[in-house]
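Asker: First the structure, then my questions, so here it is.
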Amino acid sequence: MASPAQHFPDRPQFSDFMKPCRFEGEVQNLEVHGDLPIDIDGTFYRVMPDPQLPPFIDNDPWFNGDGNVSTFRIKDGSVAFQQKYVRTEKFVCEREARRAHIERASHFQSGKYRNKFTDAVEFTIRSTANTNVVSFNGQLSALKEDSPPYAMNPEPLETKGLYTFDGQLPSVTFTAHSKTNPMTGEWVCFGYEAKGDGSPDICYYTISSDGKFTQTVWLVLFPVIPQLCDLERLKQGGEHWQWSPETPFCIGVIPRYGAKSSEVKSVFDLGLSDKNVFYWWPDAQGNSPEPSKILSQLTRLTLGPNAEEGHLSEPEVLHDGNSEFYRIDDRFSGRKYSHSYLDLMDASLGTDFAAIGPDMGGGYPPYNSLVHHDESTGNTEVYFPGRTHFVQEPVFIPRAGSTEEGDGYLMALVNNYHSLSSELRLLDCRDFTKARAIIMLPLRLRAGLHGNWVDNN
């Protein structure tokens with residue numbers, strides 16, 4: 001029997017800046033350049049796919065790594081950093097095998113992305129918990145679309161185990177892209193493939209701040225994109241998703257608890273593209289677009305009270321740049337808002353691609369600037385972090401004592417390809433075009449997916 005690989009594949013998604021970090025630990029009193037406002041008191045939580053072991057599938061996608069949660073605790077102008085893996089069933093099984101049975105470690109590694117039929121052993125829950133981390137009801141939930149949440153203590157970052165809300169969870173899956181109702185404090189969630197891989201079922205629910213399931217959502221909107229899962233394809237060792245260009249994009253509008261969709265105008269803002277943005281999952285013929293040709297834009301769809309079934313109105317482009325990772329002031333979630341924040345790729349800003357190209361690694365979408373867009377005025381502001389830097393998803397931090405929408409700060413992790421290290425940048429939204437503070441990390445963090453700010457105020 002051959003020994004498992006002891007190094008990561010020579011692939012862009014495992015090389016240079018994308019080389020797995022695999023760090024657990026803490027760093028107190030991070031170096032701060034500039035002015036970190038004394039009124040900021042809270043924690044920025046984010047998670048990144050970060051494989052603890054080399055995959056036995058050579059071309060494994062970068063987002064199939066184990067969930068590694070980072071925290072940045074800010075208080076009195078000081079920043080403390082902590083990072084720890086989510087102890088999923090998969091993570092624990094593989095770590096134990098590596099330590100105790102190194103020659104058999106490969107038998108404990110999972111296979112293709114979200115395809116249990118390619119695993120060497122059967123996992124009860126094969127989730128990596130690597131897509132989002134949300135604070136709710138006094139604990140963290142590490143999330144991935146294919147399983148229930150993994151509960152963690154916010155301090156220290158210890159995994160408590162799977163969280164099914166005391167047995168109330170009716171679905172085998174739970175979204176990593178939930179919303180919180182700022183008016184009621186409820187968590188608005190759903191699970192697709194709710195009855196298992198390839199099932200067409202969507203289960204949705206609202207959860208009160210004490211962890212009880214509630215029934216207060218009036219209208220639910222579900223975008224349904226032409227990425228299809230087929231159980232037979234999975235059984236044959238195929239990919240979980242396949243692009244289906246002949247399948248129309250649609251939005252399901254579901255009234256609940258006495259509400260009538262015919263009486264409500266819904267405004268739905270999202271990123272839209274006319275191409276397959278998940279190009280690593282091609283169509284049935286193996287066709288996928290060239291990544292450089294893909295344009296994703298912040299777009300608004302309006303569903304009128306008398307909307308015709310099967311017909312979507314023409315989308316309105318709110319910002320015409322190539323963008324992703326859209327955020328707002330979360331206090332206005334589900335309500336009319338004006339201020340949006342996003343990652344932008346604009347080659348004209350001056351990124352030195354020749355210099356950073358050899359160090360970038362690959363597999364993830366690169367963005368070189370942050371944008372603040374005010375829909376009420378049409379004004380757009382851009383922050384460019386430098387010629388050798390890319391940005392990750394931002395979070396909005398409200399200014400202490402202010403209830404005005406958009407009055408606060410924007411924070412984002414930034415990749416510094418010149419020093420092969422990571423920085424946390426803080427922008428004051430009153431002066432968006434320059435960083436108010438740059439917080440230096442003494443290490444490099446891999447590209448992450450999503451995160452959230454939790455305010456102690």
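Cβ from N, Cα, C; glycine included.
Per TrEMBL, the feature Fe cation binding site maps to H177, H450.
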Asker: Using a 10 Å cut-off, grab the number of neighbouring Cβ atoms around the Cβ of H450 (Fe cation binding site), all chains included.
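Answerer: That number is 21.
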Asker: Just to confirm: which same-chain residues, 6+ apart in sequence, have a Cβ under 8 Å from the Cβ of H177 (Fe cation binding site)?
Answerer: T131, N132, E145, H450
Asker: Under a three-state reading of DSSP, tell me whether H177 (Fe cation binding site) is helix, strand or coil.
Answerer: coil
